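Asker: The following block contains the structure, expressed as structure tokens.
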């Protein structure tokens, strides 16, 4: 029986932004600045929410969990990407790649379901305000957060196990981090089964929560339109605008990245989409929620006032 000639691969090399060789340093400066802003914005959000008792509500509890998740999410991807841009190290071990992929999948899915929990919170607040504190009690909020994290852990374990059981022959990852499809492309064998599994999981973890969020918003909008006063309608819409902005960007990028046919985009287009959900979206959360939300702005000003006094 003929033995298969599979090369033993011990590490991968990121091709990163090799198409933009002459702009590597410019990209480094731009991504480094965005990374610092993202970390600062999310750390400030978590700190202000934990310190200000006015923000100890379900909506801000979910926002603080989302910001904490985004901090870890960016830490596992962006520092390595920045090192690759200035050519300090473009390689990653198989174990390192599997670890990065595991945390990326866990946190990305956790964020999807946290946004769904936030949509449910807005639905209860507007459609059932009299029972809001009873329905959205602390136990329910913690259960929703733990549920989001558990789904992420289960899916990540399934995906990483299925990908890293494959034999690898090539070593050059056509990406700036260990995403599922670019790593699968390095396998020596047919990955159709893995592709189908990835698509099925993507449908479940993107379309299901996205569907639940949009059902929530259909019910929310129908309730808002029944409010008699224009001022009341405006206030109700304002409480949802920040969340809806983040939801559209987050699910939009995830859908384009994981629900499109695998050969539809070029490598550069795929990387541009990836930059949006790994660099831009985590920055969007604190910016949108702080700039569009009076309560958050007031809490931030109170925190700054206490610090200065």
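Including glycine, each Cβ sits where the backbone N, Cα and C put it.
Note that TrEMBL annotation is computational and uncurated.
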Asker: Would you mind telling me which of 121-139, 140-158 TrEMBL tags as transmembrane segment?
Answerer: 140-158
Asker: What range among 168-190, 237-259 does TrEMBL record as transmembrane segment?
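Answerer: The range carrying the transmembrane segment annotation in TrEMBL is 237-259.
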Asker: Under TrEMBL, which of the candidate ranges 3-21, 60-78 is annotated transmembrane segment?
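Answerer: Going through 3-21, 60-78 one by one, TrEMBL gives transmembrane segment for 60-78.
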Asker: How about the transmembrane segment (98-120) and the transmembrane segment (25-48): do they have 3 or more C-beta pairs under 8 A, pairs 6 or more apart in sequence?
Answerer: no
Asker: Determine whether the transmembrane segment (25-48) and the transmembrane segment (271-291) share at least three Cβ pairs under 8 Å, counting only pairs 6 or more apart in sequence.
Answerer: yes
